[in-house]
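According to Swiss-Prot:
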REGION    1-45  region 'Disordered'
CROSSLNK  Lys20  SUMO2 cross-link
COMPBIAS  26-41  compositional bias 'Polar residues'
DOMAIN    38-133  domain 'SCAN box'
DOMAIN    135-196  domain 'KRAB'
CROSSLNK  Lys259  SUMO2 cross-link
ZN_FING   327-349  zinc finger
ZN_FING   355-377  zinc finger
ZN_FING   383-405  zinc finger
ZN_FING   411-432  zinc finger
CROSSLNK  Lys412  SUMO2 cross-link
ZN_FING   438-460  zinc finger
ZN_FING   466-488  zinc finger
ZN_FING   494-516  zinc finger
Amino acid sequence: MAAGSGVVPPPLGAGLCTVKVEEDSPGNQESSGSGDWQNPETSRKQFRQLRYQEVAGPEEALSRLWELCRRWLRPELLSKEQIMELLVLEQFLTILPQELQAYVRDHSPESGEEAAALARTLQRALDRASPQGFMTFKDVAESLTWEEWEQLAAARKGFCEESTKDAGSTVVPGLETRTVNTDVILKQEILKEAEPQAWLQEVSQGMVPALTKCGDPSEDWEEKLPKAAVLLQLQGSEEQGRTAIPLLIGVSREERDSKNNESENSGSSVLGQHIQTAEGLGTNSQCGDDHKQGFHVKCHSVKPHSSVDSAVGLLETQRQFQEDKPYKCDSCEKGFRQRSDLFKHQRIHTGEKPYQCQECGKRFSQSAALVKHQRTHTGEKPYACPECGECFRQSSHLSRHQRTHASEKYYKCEECGEIVHVSSLFRHQRLHRGERPYKCGDCEKSFRQRSDLFKHQRTHTGEKPYACVVCGRRFSQSATLIKHQRTHTGEKPYKCFQCGERFRQSTHLVRHQRIHQNSVS
């Protein structure tokens, strides 16, 4: 295609970072040939968003696309399967429904399997969400652990006020044209005119109405209830428009006692016995039981449990009104929910690699990457396929392998009897037929696989895209670079099991083993 248009794609190394081939190499800022390492995600966005009007002409547009695509997919570093993984992940995120897409992208999945798991988790939560304009205690309480209640109880009335300030009052789907107002929802919990006994009967049945008749809305209830905790949940279908419904779930003990003294025999004192503090243990005057974090529901059979999936939608809605990612990176403005995640991310910019392998001296920016690397020395393969028993060093390799069982298609070679997968059958049969369909245009040499032809062509072009970050020496093959790097690190991964001597290259080990064979003979 490029030849027909008169545009020759830039060499593989042009405009790219030259990096040491290892699992976390994007963190090597200093290895950039141009001195400014660019995040692959940034290059992906630039690749997708490039407009013809931004460049001088068709040749420059094509050249720019080549450059951005290679910075994004990094063919000098990633394998074909890893590149396919990136492409499939991007397309998967693109075709997701809008409500799922935003949630999954926010979690920055690194693989298709991780993205699918996130989408499935949120889909379950959305499927189980009530489509009506009511929220039950069972829907909220049963789905959360005590630890999650603890997190939600930290919310403040301000969240609800901010969420409804711009829209004013919000129509609740399924409740005719009645409206929801923050003060109205809060006041219904303690107002004397609200017929508390009837209200508590509805609470005991597990149903909290979204709107109750209320008194004067001009009173400053925020001062009276400074520690009121509010839950928010999306209600209604996407077509009708979703609505955030606030629900009071905690009132401070001091405010409750104060209100009880003022009301004496009013229904608010009864209600105060059932909605207690979100900051500690509270004793209910009717049953005398201590309830963790002070949450007491009249129906004692309603207890939180550990089903997190059905609460994901609720938690995500709450996060939308919070500062979701308070820890910001000064270099790229990326946000994180936890400080530890920010520290890990910053190593990409600083190039810091605090984790070192004791066997070969190789360093890593993440402890998880070191653990994976160490398995190359120990031979450990902790991930076993339940179908065939084959073991793998990494979970992603197991996931990739398990796809082959989804459509089991294995064939027996008639020539040698070897069992091969359908994807490898034609390649295997070329061994017997002596077929070499890929021919070099310079020297007429033929190859069985296209990748072998590409590697060979570098001997003619002189292209050496793989550079050693220690001494600057360049190589045409990544495998040759890896072997060379062992001269700097001192790594000797190949061990003779007879005498224990170690070697940098497998060929050296084979040559050494002949010594033992000759001595035996």
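Cβ coordinates come from backbone N, Cα and C, glycine included.
Using DSSP to sort the residues of the zinc finger (438-460) gives these counts of helix, strand and coil: 11 helix, 4 strand, 8 coil. If you look at the zinc finger (494-516), the same-chain residues 6 or more away from its ends with a CB under 8 A from one of its CBs are 483, 486-487. According to its DSSP assignment, Lys412 (SUMO2 cross-link) is in a strand. Confidence across the zinc finger (383-405), taken as the mean pLDDT and rounded to a whole number, stands at 82. Taking DSSP states H, G and I as helix and E and B as strand, the domain 'SCAN box' (38-133) has 71 helix, 0 strand, 25 coil. Listed by sequence, the residues of this chain that lie at least six past the ends of the zinc finger (438-460) yet keep a Cβ under 8 A from its Cβ atoms are 80, 427, 430-431, 476-477. Long-range contacts of the zinc finger (411-432) within the same chain: residues 404, 448-449, each at least 6 residues beyond the stretch ends and with a Cβ under 8 Å from a Cβ of the stretch.
In terms of DSSP helix, strand and coil, the zinc finger (327-349) has 11 helix, 4 strand, 8 coil. The Cβ of Lys412 (SUMO2 cross-link) has Glu418, Ile419 as same-chain neighbours under 8 Å, each 6 or more residues away in sequence.
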